[in-house]
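> Copied straight from Swiss-Prot:
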type     : residues : note
REGION   : 1-36     : region 'Disordered'
TRANSMEM : 57-77    : transmembrane segment
TRANSMEM : 92-114   : transmembrane segment
TRANSMEM : 135-155  : transmembrane segment
TRANSMEM : 177-197  : transmembrane segment
TRANSMEM : 211-231  : transmembrane segment
TRANSMEM : 259-279  : transmembrane segment
Amino acid sequence: MEGKEEDVRLGANRYSERQPIGTAAQGTEEKDYKEPPPAPLFEAEELTSWSFYRAGIAEFVATFLFLYISILTVMGVSKSSSKCATVGIQGIAWSFGGMIFALVYCTAGISGGHINPAVTFGLFLARKLSLTRALFYMVMQCLGAICGAGVVKGFQEGLYMGAGGGANAVNPGYTKGDGLGAEIVGTFVLVYTVFSATDAKRSARDSHVPILAPLPIGFAVFLVHLATIPITGTGINPARSLGAAIVYNRSHAWNDHWIFWVGPFIGAALAAIYHVVIIRALPFKSRD
């Protein structure tokens, strides 16, 4: 019984040296930074752990809520003939960014607050979590996104189908290359922000500055949406794009769908490489 309680207490943060999203790094007893051990590729014992499934449920619920609120916001803008009468692009961007801020804050201590297969993929490449957990998270994120978009359609089917269902696509006037580039760079910004905001190295260097990781992550999502909504409607989250595409299920949603998987995964991989090879490889020793 004691072992189970300890397992639940640790939750997703089974490796105490690694820093979950949304929490401040600890370890002020020793100022010199120590490289945390990498996560194992496979960890069979995770499959028997309640914390493993609890984390997956948290990812499902968070992605469900993310799609529900954000797609509803898109529908509210789409149903009006005058964008001045709605929250407009800025409001959509705030909806996406604000929800990520809130949901990362809520789920950080349970699952790490990924809510995005691209973020999970980037953290996996950086050996922050096992392949077992990464695949489980991605499945739960996609299922949550499908359910979230499905509930929006259930409430407002006519508007949902008439307004494109919030599905991502390359907008007229832009090429597929433009869309792919926007997704790569946008996801790089997001995943790089995730790495930077949650790097335990900040504990040794900036221990006097409290950091709330969800804030810069949500703000990054907001800014990327402002920049790329006119190009692709902003994906940077394969689960978000898949959920809207499956529920809308028209050719418009599938023609360019590959862009919203390939682009985010390339962007996440580049951010992981940059963080691990360039940023984390620099010699570091804090001042006494």
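Residue 1 is the first one shown; counting continues down the chain.
From the backbone N, Cα and C atoms, a Cβ is placed for every residue, glycine too.
Here the structure is a predicted model, which means the values were calculated and not measured.
For the listed features, I'd like the structural context: burial, neighbours, distances.
Here the transmembrane segment (92-114) has long-range neighbours at 11-13, 20-23, 54-56, 58-59, 62, 65-66, 69-70, 73-74, 77, 120, 123, 129, 137, 141, 212-215, 217-223, 225-226, 229, 234, meaning same-chain residues at least 6 beyond its ends whose C-beta is under 8 angstroms from one of its own.
Tertiary proximity for the transmembrane segment (135-155) is limited to same-chain residues at least six positions away from its ends with a CB under 8 Å from its CB atoms, namely 52, 55-57, 59-68, 71-72, 75, 111, 114-117, 120-121, 129, 161, 165-166, 238-240, 242-244, 246-248.
Outside the transmembrane segment (177-197) by six or more residues, the chain places 21, 116, 118-119, 122-123, 126, 170, 211, 213, 216-217, 220-221, 223-224, 227-228, 231-232, 234-236, 256, 259-260, 262-268, 270-272, 274-275, 279 with a CB less than 8 A from a CB of the stretch.
The list of residues near the transmembrane segment (211-231) in space but at least 6 beyond its ends in sequence, with Cβ under 8 angstroms from a Cβ of it, reads 21-24, 89-90, 92-94, 96-102, 104-105, 108, 113, 170-171, 174, 178-179, 182-183, 186, 189-190, 193-194, 196-198, 202.
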